[in-house]
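A.B. asks: The active site, proton acceptor annotation in TrEMBL covers Asp321. Per TrEMBL, the feature 3-phosphoshikimate binding site maps to Lys30, Ser31, Arg35, Ser177, Ser178, Gln179, Ser205, Asp321, Lys348. According to TrEMBL, the feature phosphoenolpyruvate binding site maps to Lys30, Gly103, Arg131, Gln179, Arg352, Arg393, Lys418. Positions annotated as domain 'Enolpyruvate transferase' by TrEMBL: 18-427.
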Amino acid sequence: MSMAPDYPPAITLEPVAGPIDAEVTLPGSKSYTNRALVLAALAEGTSTLHAALFSEDTAVMAESLRRLGIPVAEDPVGLTFTIEGKEGRIPADRAELFVGNSGTTARFLTALLALGQGEYLLDGVPRMRQRPIQPLLDALRQLGVDAASVSGSGCPPVRVRAQGLAGGKVLLPGSLSSQYLSALLMVGPCTRLGLEIEIEGELVSKPYVELTIQAMQAFGASVCCEGYRRFVVPGGQRYRARDYTVEPDASAASYFFALAAVTGGRVRVHNLGSRSAQGDVRFVDVLERMGCQVIREPDSITVQGPASLRGVEVDMNAISDTVQTLAAIAPLASGPVVIRNVAHIRHKETDRIHALATELRRLGVVVDEFPDGLAIYPSPVRPGTVQTYDDHRMAMSFAVLGCRVSGITIDNPGCVAKTFPDFFQRLAAALGRA
Ligand SMILES: O=C(O)C1=C[C@@H](OP(=O)(O)O)[C@@H](O)[C@H](O)C1
Ligand SMILES: C=C(OP(=O)(O)O)C(=O)O
């Protein structure tokens, strides 16, 4: 499936001549759009999402909800989805769902299927069949749901035989993904007894759980979080349909902030303020430590790049979708860039730590690969074709590097369609080339 506007098999970037100066608007947040689609589906009444993301990840979510008997109308030009919620019921008693390589869709829907009465199958692209979902299946089994990995690999395809979800207590490992927790939290209000979830080990990607709680509250439900160790969702609650406006995507913003950083230019991203609950807005804190100037306003963030970037050592567990953005520009810094505590990104669209080490080395960059991160040393970058492994963030991150150094070609640029179909058009606009 491709939603990208007819990309060629490869794109060679043209470096910019001098500092750029750009005002940027971005597509809606993937995380908020897919949460709001789920919450609207579970609500009572008709909801409209405005400024939503239209990309592969939201298309597979919307289509899966339709297959479950929940009407979802879309207007990709007006950027709205209109959802007829079914008050926590799943109308279809049989369905086969295709989730592509969307982790949020796979995880959120697996929990949602447990609310149904029937038998459901959920599958995705070959890489999705390598992305673990067993902790969520185990949690659902603790709640009495017959949920299983069909191949026994602990990954999709997943089969759920559901007879409704009463609720209860669950022990959930936290170290692989926060999406299992978000998935359970969102169905919690629709259970009779509610959910009490205890996290085993340290929870990764914590800000996404904040997004989940915030979105649930926006649709009228309450959740209680005790220090990211224990979560209590009262049962018998009703989500209320509403008009909901999606914030721009903070992970998408990271590419444009990085562009300012490497060109010594200025980029202002609109409609995304420093008080956003999206953790990835804190990528600018990392750039600030590297010497950028950051102006944080209620409804915009501006980054001004320095003459020369400094190295940095940073724990990126909470903002791991921006690891590739930082790693791709890291060779241009005057000192080493050390990224720690992101072992979980080996289970994303690709093994991101290994993919980064491989592709940076291809460009002549000196890199150490650790189990949980990377060290990237100041290096001259030589021309080359970057393999993207069907990972949108590999394509977007190395494209930023290609705006500064000569001869960077991005293989399969169309993979940006997962979350940002018109990325290269918006990049050209930011460079004044549109
Ligand atoms: O809940 C979400 O919207 C997301 C959670 C994160 O995943 P993990 O919790 O698996 O790290 C993030 O990488 C992903 O892009 C979106
Ligand atoms: C990891 C990502 O997505 P997901 O887990 O939702 O597939 C991402 O968008 O970087």
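Cβ atoms are placed via backbone N, Cα and C, with glycine included.
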A.B. asks: Quick one: of the recorded positions Ser178, Gln179, Ser205, Asp321, Arg352, Arg393, flag those whose CB is under 6 Å from ligand 1, and say none if nothing qualifies.
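C.D. replies: Near ligand 1, sequence order: Ser178, Gln179, Ser205, Asp321.
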A.B. asks: So which recorded positions are near Gln179 (phosphoenolpyruvate binding site), with CA atoms within 10 Å, out of Lys30, Arg35, Asp321, Lys348?
C.D. replies: none
A.B. asks: Within 10 Å of the Cβ of Arg393 (phosphoenolpyruvate binding site), how many other Cβ atoms can be counted across all chains shown?
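C.D. replies: Excluding its own Cβ, Arg393 (phosphoenolpyruvate binding site) sees 31 Cβ atoms within 10 Å.
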A.B. asks: In Å, rounded, how far does the Cα of Gly103 (phosphoenolpyruvate binding site) sit from the Cα of Lys348 (3-phosphoshikimate binding site)?
C.D. replies: 8
A.B. asks: Count, for each of the binding-site residues Lys30, Arg35, Arg131, Arg352, Lys418, the other C-beta atoms lying within 10 angstroms of its own C-beta, and report the residue with the smallest count.
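C.D. replies: Selected from the binding-site residues Lys30, Arg35, Arg131, Arg352, Lys418 on minimum Cβ neighbours within 10 Å: Arg131.
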A.B. asks: Could you tell me which three-state DSSP class Ser178 (3-phosphoshikimate binding site) falls into?
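C.D. replies: Its secondary structure by DSSP: coil.
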A.B. asks: Are any of Lys30, Arg35, Arg131, Ser178, Lys418 (the binding-site residues) within 10 Å of Asp321 (active site, proton acceptor) when you go C-alpha to C-alpha, and if so which?
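C.D. replies: So the list reads none.
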A.B. asks: For ligand 2, list the recorded positions among Arg35, Arg131, Ser178, Ser205, Asp321, Arg352 whose CB atom is within a distance below 6 Å of it, in sequence order.
C.D. replies: Asp321
